[in-house]
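J.: Would you mind keeping the following structure in view while I ask a few things?
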Amino acid sequence: MNLRQRPQPTRGRVPVDAPPLPPQPPPPIPGEVYNIIPIHSLLTDHPSLRYPEVRAAAAALRFVDDLRRPPFPDWDPSAGADLLDWLSAFFGFQADNVRNQREHLVLHLANAQMRLNPPPPNPDALDPDVLQSFRRKLLRNYTLWCSYLGKRHSLRLSSGTTDGPSLRRELLYVSLYLLIWGESANLRFMPECICYVFHHMAMELNDILEARIDENTGRPFLPSVYRQKPFLKSIVMPIYQTIKIEVEGSRNGRAPHSAWRNYDDLNEYFWSRRCFKTLKWPIELDCNYFATADKSQRVGKTGFVEQRSFWNVFRSFDRLWVLLILLLQSMIIIAWEGTEYPWQALERRHVQVKLLTVFITWSGLRLLQSVLDAGTQYSLVSRDTFFLGLRMVLKSLVAVTWIVVFSVFYARIWSQKNTDDDWSQEADRRIVVFLKTALVFIIPELLALALFILPWIRNGIEELDWRILYLFTWWFHTRIFVGRGVREGLVNNMKYALFWVVVLASKISFSYFLQIKPLVAPTKVLLHLHNMPYGWHEFFGRTNRMAIILLWTPVILIYLMDLQIWYSIFSSVAGATIGLFSHLGEIRNIEQLRLRFQFFASAIQFNLMPGEQTLSPQATMVKKLRDAIRRLRLRYGLGQPYNKLESSQVEATRFAMIWNEIMITLREEDLISDREFELLELAPNCWDIRVIRWPCALLCNELLLALSQASELADSSDRYLWLKICVNEYRRCAVIEAYDSIKHLIITIIKDNTEEKSIALKLFDCIDEHIQGGKLTEVYKMTILTDIHAKLSLLLQLLLSDTKDMSKIVNALQALYELSVREFPKVKKSIPALMQEGLAPLGRAPDAGFLFENAVELPGDEDPVFYRQLRRVQTILTSRDSMHNVPVNLEARRRIAFFGNSLFMNMPLAPYVEKMMAFTVLTPYYDEDVLYGEVGLRKENEDGISTLFYLQKVYEDEWANFLERMRREGLEDVEDILESRELRLWASYRGQTLSRTVRGMMYYYRALKMLSFLDSASEMDIRMGTQNIASHHSLRSSNGSLNGPPSIHMSASRMLDRAPSGVSLLFKGSENACALMKFTYVITCQVYGVQKAGKDQRANDILYLMKENEAVRVAYIDEVHSGRDGVEFYSVLVKYDQQLQREVEIYRIQLPGPVQLGEGKPENQNHAIIFTRGDALQTIDMNQDNYFEEALKMRNLLEEFKKFYGIRRPTILGVRENVFTGSVSSLAWFMSAQETSFVTLGQRVLANPLKVRMHYGHPDVFDRFWFLTRGGISKASKVINISEDIFAGFNCTLRRGNVTHHEYIQVGKGRDVGLNQISLFEAKVASGNGEQVLSRDIYRLGHRLDFFRMLSVFYTTIGFYFNSLIVVLTVYTFLWGRLYLALSGIEGRAMNDSASNEALAAILNQQFAVQLGLFTSLPMIVENSLEHGFLGAVWDFLTMQLQLASFFYTFSLGTQTHYFGRTILHGGAKYRATGRGFVVEHKRFAENYRLYARSHFVKGIELGVILVVYASQSPMAKDTFVYIAMTISSWFLVVSWIMSPFIFNPSGFDWLKTVYDYDDFMKWIWNGGGMLTKADHSWETWWYEEQDHLRTTGLWGKLLEIILDLRFFLFQYGVVYQLGITQGSTSIAVYLLSWIYMVVAVAIHVIMAYARDKYAAKEHIRYRFIQLLVIVVVLLVIILLLEFTHLEFLDLVKSLLAFVPTGWGLISIALVLRPFLQSTMVWDTVVSLARLYDMLFGIIVMAPVAFLSWLPGFQEMQIRILFNEAFSRGLQISRILTGKKSS
């Protein structure tokens, strides 16, 4: 559809805005400022108003003449008011809200009408189908809500009529909803609250439309919300204040979640009919829903109570744990029989009967679930929810009943068997009775299985909202609005069920044969060991049960988690298989690209250019089949049409324009040089060349190969020679282009009307004639071609030289003439014969000179096209390599290869730009870098390295390309370049800055403008346009930089060239308007107003981005102070007006108060979402990038919303990411590789076959209207939604959405690059997952999805972190268990059993594999193999291991488990700013200690002490091999946790820095701190901050913390019995007496501390005397004990290992009891002892660092490991780290 001409409007319109709310600032004058379309004045000559659809939508809104007049004196319908103004007059909406939603509605309706196929008969009228479709979609959630509550909706629509009044009513409903939504502020997170408001306001609207008379006043009805009581103040503010007060009660998220209501609680209140009874309408502000009510009377938690407990993992996924526990019980029963195979045991009747105990266990687990439900959700029970409490009680009673029934029936079976001494008939009858009872017990599961096989029945039942059906389901779960009808179709069910059946079968087989069965024999041995002499006082009798428990615990823990391992294995296989069928990785590199490049034109035409539009919106089967066949032929190059595309074809020309535009963007990004640009561009057709002019990089060396073929086949026929040449398409084109170019060149440089010109023309005519006749090889000597080639090369070299030597050029032409006329023909001809044929001059005069001497005339410098073509010809003639290294830049190569591959993947066909779905990109921004400042770039760090120097070395080739571009654009002097804004931009585009993101996203705008032109351009436009572009580019690039003649010189003082380039030169003027109607970019810069007021440089930089990018809009929060304390908040949207040359304000909408009540990022997104436009919304973070070639595919991607994936259309389109930060260091590479596998293979499997892909951050594309009516694109409740993005996915799934994943398009993404940054990020994500465990969303997913999808959700969300925690717990239980066995003496006697060692080996191998990150690496290796080849993937993996990737992954495991476990136990999750800078600076030891002391160092030291004690006490440790085999994984864990922060720390082993770090650490330790002292400067401040989570944790958290801390006392208990002084006594008195040592040690510390405080300063001699006295007494006691008791000197060392952990245990318990101890004298002692312990830990950690720093050569080796990846890109890292940079 081409642009239609705008007919003359019949009338203009000047809107009358409602008066603003005082003291609102005056709005901008309508008519001056607009956002996208100037709807305020249809007379404006704006390209968008030429679309009849825009005028039709605007006209439909103006149909207000016969509506009831609002009872306000300033209402004047003749002034051009429309329906939104009318609604605003009645309901009191803000003027700018009305203006905003007017444009929003008009733009959407116009775009929707443009997409109609076939087009409507009257384009100047709004099509009824468009409006009805939009109303159904926008109000779908509202109608579902009404149906759920059994309420009749308020939409009074006459079915089947499409007359004016009925359409107007639809418009009014849609407008009313949008106006409510646009002004609801934080209430937008509460979609059903908005439904409630809309329900009543729509009813009032109906009363107005139907002219109802108010019964109370007798006057025409007026709504409860009107101008004097505006919507914001009467509706939004009361609910907002309630949210605000609840958030304040949360104490910034530190209060328990159960103590305050979050967004979900306040929204779910509207899931019950009671909201109509209590809130009523008009809203009663004294209702107990509002915070104005007393807290004791206020409505409490609604729908769910988030309780902090590990039991939530069981509660939410109880079906998984029931399965694992019952399987474990069954396997133990079967393995206990000792048969070789399990089916042999199952043949035995007693085994079969024992297996019936699983039903008793199952009943017990149901009781546990019911008790947990009651224990956590009891606060939901109230008078209104009596039946909920009743169900909790009944469930527990029923579970107890089942336990009793099964136990009695089971006992009766054995009773009968024992009575009969055999399995009698009566015993069998009792078994049958048991089985019948069990059948009744499992009826719910059988019903669930039946509904799983028939999912549409379940969906239908759940969607019906019949009360009778609710009665049937009441027992199983609470009826809620979400989570109904979420089952997938049968095909998808079968796919993910098959996946999980295979995974479970593998897990069960492995667990039985390698975990459970080998442990049975040693367990029996231990059970039969009696009267074993223990090495200590044994409390648990002589049954060895404790030993058995410790033996089985690590095995059971690994059994519970290893499903995660099997999931990793099979998901990798499934992901690779799906990737292969998706045609990923078919073009992996530039070499493979060369082979497929000749099919690119057809691929681009097929995929990226719109084809013929069918009249039916649904593609017919025939068309689908035709497209599939065409795609197949295209992919494999089948058929003649895909083989050769000559340059005369418009299709190829269009392809050339697109390809060249991609190359232009690569050049603008400095990824390729000017020379590479010329080698890669598709040159436009000129010089009458008959073939498509492929890039020189593809044609290089082909001509020389053709010449060698011609020489070899000199005696063959023309046909045979030509067939051999044509085997290679590029060689054929190279030969033809070279011939045509030389022909045109020679004819061009010879003057007209000369004899030489006629000779040249005749010579070429002869050659052409012989070629046509197939007699070339007969007539000419092919061997002479090499000589002709050499002379031609010389001629081209002379023509391209800076100084043209005409005599040499003439000589070269003469030599060519002699070769061509005399040597080339096989038959030599005489001069007369040549004259006769016109190939020799006729009787030249004596003074005429030599041939060609006066006949050559070269084009001047003002003809750059000529010299550009010469360079191309020279390249084709002379290049001897195949140019596989073009382009040199790795990123450019990757991007070109990916784009090429994606063209052959399956993607929807592109519509015309006019018919595509409109979309917005939304980027939240707070106060990060916009552009790097000039000072910041040059500022040097402590090593003397500036950011600019670092970037110049990392991106050396890009820096050279940048300098080349700057010189071409007029800046010759390096100092001028260094002071230009271009330098700041260049550096910023290589960091994670807002400017990089904006540049990337604006490629959408650029791509849409180009595609819009190509859609509407005629064949002549395209053909002529290529010539104009070629001429323009030649002019721009002919500054002598490419061996060409010096063209028009550009003065250095000139401003940088900002002229348009590429296709933009051909635009007709309408492309901008078309692109703006389809694309908007909103950056939500929350504090932009504050930055402007403070004259922050970032505000200037944001303004610069707006100025340079027409489609950019900035939304921010503005604070307006009125009076002494009054502050009003506004959502403001601004843009840069290119005509006014300044920033202008478009909309200003008042908010009820401060925006940030919940988590910052979702609140920031929410305030700006009202300014977004279109059907789709892409969320982009500030660390992302985009590429022009990918932007071309956006309209294809948006077509995915129209396709069904399973039984639903998508509501979120997942998009692939490319992590661009992997080249900075090996650490960044590890993180990049791990992240890449997750965002590709991981999400591919989640979307298909598992159907559980959520929203893991950006750059997903949302169905905008679907989400804006269902709570927005993220959740914002404080703390619980700290991982805000994934909750959008949870919400989508629970509300019957569908999330897909598409890999033919990619978006760039940055990741953290330093260990500390990565650790902070992983801490944030792990804490977020800890909070997810408590959330209602996870609970509902665990219960509402079918069993297999539930498994998928668990193992791809919180299960990954929970299982990581179990892996670490396995290490702990294994080591503590071995320590127990060694110290108690059991190990020496009972554990030399090969079977138990086999089981231990199995669990240790699994644990070690997880710990090393092998199963994190597996998806990475598989994806790498798929996309880059198997050998490359294996090499990368081996390189990673050599760079100590396993240390990194083990360290990450510690980070994840620490923060995940601590968050579930105590809370404390918070947003952690990681910073996105470049990390090359050395991190001080004190900083590393602060960050990792509790999460890694202390735990590593604890495990190290266990290993040392075990080595000294275990009899198995005498066998070195056995000890190493058993403990190597644990030692690796210890070393990784302690050493990784230094291995991955730049200059981590530099001796001088280590010395400085030690001094700095000691200063920090002894700094006492104070009120304002930061943790960075004082150990005491840090220590108190580190314990914050213990202050906010609940009673159960404290109790569990104390129980865990008791483990430290086991050292003392075990070791004291091994001391020589005990003489082998195992009396409990030994342990009790050992506490005397602890008391004495503490007493000595107290005495010394007291003496230091009292005497150290003033009476130093007395202080030294007390020190001496204490030392003498201690030494005297030790000597006496050595002399008069059995104390050995070694006992002193053992004592340290015994009592130091006890002290740490006491300190840990004291921290939990801090509220009781802080006010006592004991607390000072605790603090001082804790300081000593931290100093001790610091010294222990620093000792190996110091030793390695002292070793020669170790520092250099560490640098090589850390920066190996950067080395390969030319980074001089040693100079960077030592600061020895050159000036």
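Our numbering is plain: 1 for the first residue shown, then up by one each step along the chain.
Any Cβ shown, glycine's included, is placed from N, Cα and C.
From a predicted model like this one, the values you see are computed outputs, not experimental measurements.
Per TrEMBL, the features are:
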- 1-29: region 'Disordered' (REGION)
- 17-29: compositional bias 'Pro residues' (COMPBIAS)
- 168-284: domain '1,3-beta-glucan synthase component FKS1-like' (DOMAIN)
- 320-339: transmembrane segment (TRANSMEM)
- 431-456: transmembrane segment (TRANSMEM)
- 468-486: transmembrane segment (TRANSMEM)
- 498-519: transmembrane segment (TRANSMEM)
- 539-560: transmembrane segment (TRANSMEM)
- 565-584: transmembrane segment (TRANSMEM)
- 1360-1381: transmembrane segment (TRANSMEM)
- 1523-1544: transmembrane segment (TRANSMEM)
- 1599-1616: transmembrane segment (TRANSMEM)
- 1628-1651: transmembrane segment (TRANSMEM)
- 1663-1684: transmembrane segment (TRANSMEM)
- 1696-1717: transmembrane segment (TRANSMEM)
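Help me see these features in their spatial surroundings.
T.: Within its own chain, the transmembrane segment (431-456) has Cβ neighbours under 8 Å at 353, 356, 359, 362-363, 402, 405-406, 409-410, 413, 476, 487-490, 493, 497, 1207, 1346-1347, counting only residues six or more beyond its boundaries.
If you look at the transmembrane segment (565-584), the same-chain residues 6 or more away from its ends with a CB under 8 A from one of its CBs are 499, 502-503, 506-507, 510, 635, 901, 904-906, 1240-1242, 1244-1245, 1248-1249, 1303, 1355, 1406, 1409-1410, 1415-1416, 1418-1419, 1421-1423, 1425-1427.
Counting only same-chain residues 6+ beyond the ends of the transmembrane segment (1360-1381), those with a CB under 8 A from a CB of the stretch are 313, 546-547, 550-551, 553-554, 557-558, 560-561, 564, 1326, 1329-1330, 1333, 1387, 1391, 1400, 1403-1404, 1407, 1410-1411, 1453-1454, 1456-1457, 1460-1461, 1503, 1506-1507, 1509-1510, 1513-1514, 1526-1527, 1529-1530, 1533, 1607, 1610, 1614.
Long-range contacts of the transmembrane segment (1523-1544) within its own chain (CB-CB distance under 8 A, at least 6 residues past either end) are made by residues 1227, 1314-1316, 1371, 1374-1375, 1378, 1400-1401, 1404, 1407-1408, 1411-1412, 1444, 1446-1448, 1450-1451, 1454, 1483, 1488, 1491-1492, 1496-1497, 1499-1501, 1503-1504, 1507, 1510-1511, 1514, 1516-1517, 1741, 1744-1745, 1758, 1761-1762.
Within its own chain, the transmembrane segment (1599-1616) has Cβ neighbours under 8 Å at 536, 1376, 1379-1380, 1383-1384, 1465-1466, 1502, 1505, 1509, 1513, 1590, 1593, 1622, 1630-1631, 1634, 1638, 1694-1695, 1697-1699, 1701-1702, 1704-1705, 1708-1709, 1712, counting only residues six or more beyond its boundaries.
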J.: Between the transmembrane segment (1628-1651) and the transmembrane segment (498-519), are there three or more C-beta pairs closer than 8 Å, counting only pairs 6 or more apart along the chain?
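T.: Between the transmembrane segment (1628-1651) and the transmembrane segment (498-519), contact is absent.
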